[in-house]
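Sequence annotations record features per position, and here Swiss-Prot assigns compositional bias 'Acidic residues' to 25-35. Residues annotated as compositional bias 'Basic and acidic residues' in Swiss-Prot: 92-116. Look at Swiss-Prot and you will find 1-52, 81-116 tagged as region 'Disordered'. Residues annotated as topological domain 'Cytoplasmic' in Swiss-Prot: 1-124, 170-197, 253-260, 335-352, 414-452, 499-531, 579-633. The feature topological domain 'Extracellular' is assigned by Swiss-Prot to 219-231, 282-313, 374-392, 474-477, 553-557, with sequence analysis given as support. Residues or ranges marked as transmembrane segment in Swiss-Prot: 125-145, 149-169, 198-218, 232-252, 261-281, 314-334, 353-373, 393-413, 453-473, 478-498, 532-552, 558-578.
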Amino acid sequence: MSSSTSPYELKDLKNSSTEVHAAEQENEIEYFETDSNDRPSQQPHLDYEQHNTSAVRRFLDSFKRADQDQEQEAEVAQMNDLTSAISPSSRQAHELEKDETTDKIAPHTGHKSDSLKKTIQPRHVLMIALGTGIGTGLLVGNGTALVHAGPAGLLIGYAIMGSILYCIIQACGEMALVYSNLTGGYNAYPSFLVDDGFGFAVAWVYCLQWLCVCPLELVTASMTIKYWTTSVNPDVFVIIFYVLVITINIFGARGYAEAEFFFNCCKILMMTGFFILGIIIDVGGAGNDGYIGGKYWHEPGAFNGVHAIDRFKGVVATLVTAAFAFGGSEFIAITTAEQSNPRKAIPGAAKQMIYRILFLFLATIIIVGFLVPYNSDQLLGSSGGGTKASPYVIAIASHGVRVAPHFVNAVILLSVLSMANSSFYSSARLFLTLSEQGYAPKIFSYIDRAGRPLIAMCVSALFAVIAFCAASPKEDQVFTWLLAISGLSQLFTWTAICLSHIRFRRAMKVQGRSLGELGFKSQTGVWGSIYSCIMMILILIGQFWVAIAPIGEGKLDAQAFFENYLAMPILIVLYVGYKMWNKDWKLFIRADKIDLTSHRQIFDEELIKQEDDEYRERLRTGPYWRRVLAFWC
């Protein structure tokens with residue numbers, strides 16, 4: 001070695017020698033019991049990890065606990081995902097965005113998922129965001145809602161929930177921008193803005209929600225298959241879908257972005273095609289029934305129920321299904337808050353939400369109401385003995401159209417499997433989040449070398465076994481239970497977001513802070529959150545009424561109560577249990593004691609005003625089409 005060798009070169013050579021020595025020792029151990037002639041010749045300059053370790057060994061080693069550096073990287077990735085436990089489809093959009101950003105600043109780790117991170121494009125994020133909500137609640141759960149409420153009641157329920165959702169998107173956008181780096185996302189807001197016990201209870205119920213969604217989607221998938229065949233045991237299909245979901249989450253999916261892009265394109269095209277074909281069938285241009293018009297709004301009627309109280313009860317019951325169908329939409333605001341210009345993107349996301357509510361939800365629900373009577377024995381939740389199917393399939397098949405129903409049913413199957421995969425992913429990450437926040441045992445924070453929360457995934461897989469009830473004659477009841485838990489849990493999450501926003505604005509006022517510090521102010525203001533909070537409390541009260549006096553007989557039924565209201569007792573037990581354990585009985589954090597500095601991004605009020613003035617000037621002096629685009633988009 002020459003005397004001119006630098007200390008850095010000496011250090012590198014020492015490290016290289018150490019690595020080679022370690023590799024030789026490991027080779028000694030590995031081939032200790034093998035014939036000496038089988039032992040490969042030692043080549044000190046070969047990379048042991050790459051050349052001497054088989055793919056199977058690397059795969060098995062990936063389940064070992066990550067070392068300190070890997071664990072830190074994995075935890076960063078998991079914390080980027082913890083707000084993504086919201087909507088299955090939107091959650092994946094956020095994950096992909098975060099992965100793309102992380103890949104630009106993080107060193108190459110050698111993971112096979114790196115190539116996926118580099119392929120994420122805006123078109124993936126856009127289509128995944130548009131496809132949010134087109135799943136079990138809308139495509140299958142609406143069958144039960146139509147039976148209970150009738151076509152007009154179903155439409156009213158979705159319209160009410162849509163108005164609430166718009167205010168929630170505004171509040172969530174404001175909070176997401178100022179707390180964009182907060183561990184736990186919007187699940188963490190109540191812990192420091194409302195009350196720690198309330199935050200604990202809501203976070204656990206939210207985790208329970210996504211635990212329930214996975215078996216719910218698997219059951220729905222088996223029910224969807226019944227449209228084609230009823231001779232095969234449904235559990236056979238559940239096994240296939242169950243193994244598929246777990247396999248994807250163990251190995252990942254190299255082409256996940258393109259797959260989700262494909263799935264969501266299919267959903268959007270299906271909903272658009274259904275709307276057009278539905279209009280053609282309704283006016284007599286296709287099918288065997290000629291002109292239909294609003295026939296089913298007159299016979300059997302627009303509402304289900306003889307008395308006004310029964311009709312009102314049907315609308316109330318519809319609201320939970322609508323909440324589940326809209327579930328995860330609030331995450332669009334979270335994703336938008338992390339784009340390059342969130343102050344302009346969040347209002348656009350709110351407008352996008354209006355269009356989704358109007359065209360993908362309300363418009364197609366109107367068509368379903370025109371083409372499917374609420375007393376059809378094929379609807380889920382009906383008392384008839386017909387084969388249960390999606391109301392979207394029934395709307396086409398019952399009028400003599402042959403090929404299209406199979407395409408619609410196939411897209412529905414893809415939709416529910418996509419959501420099953422996403423919900424499994426989310427529930428495991430939520431367990432990790434709870435552990436990081438101190439709300440769950442530390443064992444759930446185990447992260448392997450591939451960045452998977454392995455213990456949490458095992459719990460999620462065990463919970464998904466509930467789906468094997470698909471062959472039971474009580475399948476419809478289990479579906480109703482899981483749907484009610486998920487729907488009510490979504491209402492709790494939305495209530496927590498709105499209540500946190502109200503308390504945040506109150507603390508800003510009490511502590512004399514200017515709203516100009518906010519990068520984006522909710523267009524509906526604090527009154528929008530108050531409206532949403534009041535409406536959701538009324539919905540919870542109404543759902544309690546429906547639970548103790550079910551639609552139909554109106555008699556108290558314990559089974560019907562737990563089918564419709566199981567999530568509320570769970571929330572109460574978690575809240576009271578936390579208070580008893582910590583001996584902390586305060587109801588809320590006082591506004592003057594709320595911490596408004598930690599984790600919060602404070603914007604320059606003068607700079608924001610200058611940016612807004614410049615933006616308005618560019619619109620004023622720019623072409624007319626740009627002003628039109630800014631108004632509508």
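Each Cβ is built from the backbone N, Cα and C atoms, and glycine gets one as well.
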Region pair the transmembrane segment (558-578) / the transmembrane segment (198-218), three or more CB pairs under 8 Å: yes
Recorded stretch, among 149-169, 232-252, 353-373, maximising Cβ pairs under 8 Å relative to the transmembrane segment (198-218): 232-252
Non-local residues, at least 6 beyond the ends, that sit with Cβ under 8 Å of the transmembrane segment (478-498): 136-137, 141, 144, 164-165, 167-168, 171-172, 175, 186-187, 189-190, 194, 198-199, 202, 205-206, 208-209, 212-213, 215-216, 219-220, 223, 320-321, 323-324, 326-327, 330, 380-381, 466, 469, 472, 529-530, 532-533, 536-537, 539-540, 543, 562-568, 571
For the topological domain 'Cytoplasmic' (170-197), distant same-chain residues with Cβ under 8 A (at least six beyond the ends): 79, 82-86, 203, 206, 330, 333-334, 336-338, 342-343, 346, 349-350, 433, 436-437, 493, 496-501, 503-504, 507, 517-524, 528-529, 532, 575, 578-579, 582, 584, 586-589, 594-595, 598-602
Same-chain residues at least 6 beyond the ends of the topological domain 'Extracellular' (282-313) whose Cβ lies under 8 Å from its Cβ atoms: 147-153, 367, 369-375, 399-401, 545-546, 549, 551
Folded-back contacts onto the transmembrane segment (149-169), same chain, C-beta under 8 angstroms, at least six residues removed: 142, 296-297, 300-305, 311, 314-319, 321-323, 325-326, 329-330, 332-333, 349-350, 353-354, 357, 361-362, 365-366, 368-370, 374, 494, 497-498, 522, 524, 528-529, 531-532, 535-536
Selected stretch (most C-beta pairs under 8 A with the transmembrane segment (532-552)) from 261-281, 314-334, 353-373: 314-334
Sequence-remote partners of the transmembrane segment (453-473) [C-beta within less than 8 Å, at least six residues beyond its ends]: 63, 78, 211-212, 214-216, 218-219, 222-223, 233-235, 237-239, 241-242, 245-246, 249-250, 424, 427-432, 435, 443-447, 482
